[in-house]
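Straight from TrEMBL, the features:
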BINDING   Asp68, Val71, Gly73, Ser77, Glu89  Ca(2+) 1 binding site
BINDING   Pro164  substrate binding site
BINDING   His194  heme b binding site
BINDING   Thr195, Asp247, Thr250, Asp255  Ca(2+) 2 binding site
DISULFID  Cys36-Cys116  disulfide bond
DISULFID  Cys69-Cys74  disulfide bond
DISULFID  Cys122-Cys323  disulfide bond
DISULFID  Cys201-Cys233  disulfide bond
DOMAIN    26-327  domain 'Plant heme peroxidase family profile'
SIGNAL    1-25  signal peptide
SITE      Arg63  site 'Transition state stabilizer'
Amino acid sequence: MKQRASAFLAIPLVCLLFQITFSSSQLDYKFYDSTCPNLAKIVRNGVLSAIVNETRIAASLLRLHFHDCFVDGCEGSVLLDDSSNFTGEKNAFPNRNSARGFEVIDAIKENVEKACPSTVSCTDILTLAARDAVFLTGGPFWQVALGRRDGLTANETAANTDLPSPFEPLENITAKFVSKGLDLKDMVVLSGGHTIGFAQCSTFKPRLFNFDGAGNPDPILDESLLASLRIVCPNQDDSDTNLVALDAATSSKFDNSYFRSLVNNSGILQSDQDLMGDNQTAALVLSYSKFPFLFSKDFGKSMAKMSCIGVLTGQEGEIRKNCRVVN
Ligand code: HEM
Ligand SMILES: *[C@@H]1O[C@H](CO)[C@@H](O)[C@H](O)[C@H]1NC(C)=O
Ligand SMILES: *[C@@H]1O[C@H](CO)[C@@H](O)[C@H](O)[C@H]1NC(C)=O
Ligand SMILES: *[C@@H]1O[C@H](CO)[C@@H](O)[C@H](O)[C@H]1NC(C)=O
Ligand SMILES: *[C@@H]1O[C@H](CO)[C@@H](O)[C@H](O)[C@H]1NC(C)=O
Ligand SMILES: *[C@@H]1O[C@H](CO)[C@@H](O)[C@H](O)[C@H]1NC(C)=O
Ligand SMILES: *[C@@H]1O[C@H](CO)[C@@H](O)[C@H](O)[C@H]1NC(C)=O
């Protein structure tokens, strides 16, 4: 397994930059070394068996971690079911009939609880699971700093407003990343997460049939891709939940072909293809399309950064016993 130099620092610098002014406790690569020494193995095995059962679950776990971190920080709020005290985020527009992988986190949590009761947070499990999902599908490996704690509430409104939509302009999506302490480069490289997994036809159908309000398709979309997408996603409502690979070439392999597709006008989501419509982001897309190693390296860095957004540490929050409910 590849090890990075940063593995030898107990406290991750990237999280320090996020946390230094907000929190007295820091995340730590060795956080559970004495309290749950088999944690990494338990999570790895749980993700591996889920992938053996269904390849797509790797993508779903990666996205779930993103949807956790972008809504009130990485504190496991996306995992909470609705309760009498709050409405959960599972029915927010970007998650409803879309976010998946909850059962996998439950199963891993159950095994972790058996080995080390009330010790490991659900959000740390999700963070590790997303890392393993990427690694096990052929992507980079990076060290995950641990010690996040689980939040006590969820916020459906925040899920609706803070998660990016595939229909909003690049500037708005950029603003959402910047508001989380991430930058333009993080946004472009993390969009590379779309090298695995699927999108429902409803998330890009206007590009196929009515991009301009006058019944024309998106003029940028590659002609032959347009024709094949129209077969899977015909212009009728009952095709809305049909699935299309976000990276048509290698949808279960974590590689840089997502970026190569954008270069030849074969991005699926409008927000994906828009990365080529701006000089600054296009330059990054081009370099990731040419240099797979650069993509791997930068993806790991930006994931580590994303996993520090708004974390709870020390005495904040709690260690949930069941990821779906507050203790
Ligand atoms: C840049 C703004 C982003 C937008 C607008 C966006 C939008 C979407 C949409 C619409 C889908 C399809 C959902 C469905 O049809 O059910 C999707 C899937 C996915 N997204 Fe994103 N996304 C963005 C960023 C990210 C990031 C940062 C990651 C992770 C690093 C990510 C990882 C994924 C994955 C892996 C899938 C496939 C999930 C599956 O197959 O279950 N996305 N995204
Ligand atoms: C295996 O994957 C299917 C979806 O393909 C899912 O419905 C089922 O719950 C999964 N089983 C396990 C044990 O993960
Ligand atoms: C709601 O919050 C109160 C006070 O924090 C707590 O005692 C109660 O168990 C919570 N109910 C649920 C369903 O989470
Ligand atoms: C939920 O999020 C919205 C939008 O970010 C915010 O205005 C609201 O104050 C939040 N609600 C709670 C209870 O934190
Ligand atoms: C983009 O952001 C601006 C400013 O916040 C907002 O007025 C506009 O409605 C947003 N556009 C879309 C399509 O969400
Ligand atoms: C675009 O690039 C992708 C990924 O390299 C490839 O699979 C696809 O065939 C290309 N399409 C065209 C029209 O060149
Ligand atoms: C972006 O590139 C176009 C040519 O592709 C050029 O005309 C334009 O000046 C560039 N804009 C910026 C801000 O660099």
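Glycine is no exception: its Cβ is also placed from the backbone N, Cα and C atoms.
Keep in mind that this is a model prediction, so the values were computed, not measured.
Secondary structure from DSSP puts Cys74 (disulfide bond) in coil. Other residues of the chain with a Cβ within 8 Å of the Cβ centroid of Asp68, Val71, Gly73, Ser77, Glu89, the Ca(2+) 1 site, are His67, Cys69, Phe70, Asp72, Cys74, Glu75, Gly76, Val78, Gly151, Ala154, Asn155, Ala158, Ala159. Those residues of the chain, other than Thr195, Asp247, Thr250, Asp255, with a C-beta within 8 angstroms of the mean position of the Ca(2+) 2 site C-beta atoms are Ile196, Ala249, Ser251, Lys253, Phe254, Asn256, Ser257, Tyr258. Proximity of Thr195 (Ca(2+) 2 binding site) to non-local residues of its own chain (separation of 6 or more, Cβ distance below 8 Å) is seen for Gly139, Leu246, Asp247, Thr250, Lys253, Phe254, Asp255, Asn256, Ser257, Tyr258, given in sequence order.
Cys74 (disulfide bond): 29 other CB atoms within 10 A of its CB, across all protein chains. Between the C-alpha atoms of Asp68 (Ca(2+) 1 binding site) and Cys74 (disulfide bond), the distance comes to 5 Å. The recorded positions in question are Cys36, Val71, Cys233, and the one with the fewest Cβ neighbours inside 10 Å is Cys36.
Of all the recorded positions in the list Arg63, Cys74, Ser77, Pro164, the shortest Cα-Cα distance to the residue listed as 'heme b binding site' is found for Arg63.
The disulfide-bonded residues examined here are Cys69, Cys116, Cys122, Cys201; by Cβ neighbour count within 10 Å, the least packed of them is Cys116.
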